[in-house]
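Student: Let me begin by handing over the structure; questions about it come next.
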Amino acid sequence: MAGALLCALLLLQLLGRGEGKNEELRLYHYLFDTYDPGRRPVQEPEDTVTISLKVTLTNLISLNEKEETLTTSVWIGIDWQDYRLNYSKGDFGGVETLRVPSELVWLPEIVLENNIDGQFGVAYEANVLVSEGGYLSWLPPAIYRSTCAVEVTYFPFDWQNCSLVFRSQTYNAEEVEFVFAVDDEGKTISKIDIDTEAYTENGEWAIDFCPGVIRRHDGDSAGGPGETDVIYSLIIRRKPLFYVINIIVPCVLISGLVLLAYFLPAQAGGQKCTVSINVLLAQTVFLFLIAQKTPETSLSVPLLGRYLIFVMVVATLIVMNCVIVLNVSLRTPTTHAMSPRLRYVLLELLPQLLGSGAPPEIPRAASPPRRASSLGLLLRAEELILKKPRSELVFEQQRHRHGTWTATLCQNLGAAAPEIRCCVDAVNFVASSTRDQEATGEEVSDWVRMGKALDSICFWAALVLFLVGSSLIFLGAYFNRVPQLPYPPCM
């Protein structure tokens with residue numbers, strides 16, 4: 001008994017399904033047996049078809065700055081009314097919606113006007129929903145690659161305004177009229193709709209605003225009908241963290257190394273130039289990386305490119321400064337003469353201002369009196385030379401202790417043997433050469449000190465130039481913000 005009842009229920013359910021399918025099939029034949037999809041759904045030729053449009057963004061795939069191409073994944077919601085597909089669900093078993101292939105009904109043929117790859121249409125021809133009263137709804141997905149003029153002035157702290165321009169490929173403004181869709185609360189959706197649950201956030205770009213506007217263009221001079229464009233603007237802001245970590249911070253650190261060249265000795269010009277040129281080469285590599293990222297345009301220079309050019313100029317000036325300081329440090333009295341004014345400014349005044357003067361000289365103790373042993377040696381030499389007894393020499397020494405015996409010695413040396421005179425001349429020559437070398441060493445030391453003074457001046461100048469220039473360049477990016485447009489945020 002229970003089995004028979006179950007079979008009866010299954011049979012009734014199958015009959016009900018079959019009846020429902022028959023009602024849909026009957027509705028299908030009722031609507032499409034005499035339907036012409038190539039004819040516009042109007043009763044009079046001057047009538048206009050109203051098209052309700054809604055764009056839902058599911059993914060901001062990428063913005064290729066090099067090719068100036070924006071890739072997006074969207075759903076295009078299109079609603080309109082076709083009087084030829086009007087029916088009452090009461091006449092067809094309560095069928096509320098009929099799903100039919102899109103090629104069976106009239107379509108407004110909406111395309112993306114500013115596409116870049118020739119794909120004007122949608123990615124998948126979804127079914128069209130036909131509802132009671134002749135209302136049609138079509139929601140096809142699409143992946144668009146559109147043009148986007150990239151402004152690189154403040155890269156990587158920039159924001160871009162990319163547009164999606166839709167229009168009917170076949171019909172003009174007098175044949176179709178575009179309006180924005182309305183939500184369940186009756187509010188007009190005049191922007192790109194972003195479903196926070198379905199939207200996939202982009203790691204490089206954040207969407208700030210996405211307003212839409214409908215713009216009608218006038219016809220030609222002959223009075224022909226114009227076109228209607230639906231323009232959606234995607235105002236996106238770059239997330240600069242990737243570029244800060246991978247480009248800006250290493251670039252600033254490497255550029256700061258060039259200042260370390262001033263801590264090398266003034267005579268080490270080769271090593272200082274090597275440090276500066278190595279930094280210059282590293283900056284060239286960073287500039288090459290930025291050139292591969294930004295579009296090939298002469299309209300503007302990226303902020304990061306301007307910074308790299310600035311630090312390259314600073315590094316070049318430091319190389320020139322190292323060469324000049326090396327030239328000054330290696331000068332000698334035989335090739336150059338130091339003027340008193342230059343000596344005063346660079347060796348006296350400037351070190352005091354910079355707090356880098358030479359250490360104070362330690363006063364030397366007075367030379368001790370000549371010991372008796374040295375006096376005995378002198379007397380022994382005079383005895384040998386003058387052939388006088390030691391007692392007489394001692395007597396003369398006691399009588400002329402303060403200078404007279406030295407004069408007598410010099411007079412008697414004039415009559416001495418030629419060999420002794422040659423020795424004395426050689427000793428005098430050595431003493432004179434030693435005095436000349438000491439004087440020359442002091443002059444060379446002054447030139448080295450002058451090179452150090454120039455190094456100190458240029459170090460502080462380069463440090464101030466580096467800090468001020470870097471601050472001014474990056475502060476410009478701080479003020480480059482998305483303007484507060486009179487549009488609600490997208491998310």
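Quick reminder: no glycine exception, Cβ is built from N, Cα and C everywhere.
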Student: Does the record from Swiss-Prot show Pro265 and Leu330 on the same side of the membrane?
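Tutor: According to Swiss-Prot, which assigns topological domains, Pro265 and Leu330 fall on the same side of the membrane.
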Student: Taking Swiss-Prot as the reference, Cys148 is linked by a disulphide to which residue in Cys162, Cys210?
Tutor: Cys162
Student: Which residue among Asn161, Asn327 does Swiss-Prot mark as N-linked glycosylation site?
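Tutor: Asn161, according to Swiss-Prot.
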Student: What parts of the chain pack near the topological domain 'Extracellular' (292-306), using Cβ distances under 8 Å and only residues at least 6 beyond its ends?
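Tutor: Hits for the topological domain 'Extracellular' (292-306): 65-68, 150-158, 243, 247-248, 251, 473-474, 476-477.
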Student: Out of Cys148, Asn161, Cys162, which of these recorded positions is nearest Asn86 (N-linked glycosylation site) by C-alpha distance?
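Tutor: Considering only the listed recorded positions, the nearest one is Cys162.
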Student: List the residues of the same chain that sit at least 6 positions away from Asn161 (N-linked glycosylation site) in sequence and have their Cβ under 8 Å from its Cβ, in sequence order, or write 'none'.
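Tutor: In sequence order, Ser233, Leu234, Ile235 meet the Cβ cut-off.
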Student: On the 0 to 100 scale, where does the mean pLDDT of the topological domain 'Extracellular' (292-306) fall?
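Tutor: Taking every residue in the topological domain 'Extracellular' (292-306) and averaging pLDDT yields 82.
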Student: By the DSSP assignment reduced to helix, strand and coil, which category contains Asn86 (N-linked glycosylation site)?
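Tutor: Looking at the DSSP assignment, Asn86 (N-linked glycosylation site) belongs to neither helix nor strand, so coil.
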Student: Taking a Cβ cut-off under 8 Å, which residues six or more beyond the ends of the topological domain 'Cytoplasmic' (265-272) line up next to it in the same chain?
Tutor: 322-323, 325-326, 328-330, 448, 451-452, 454-455
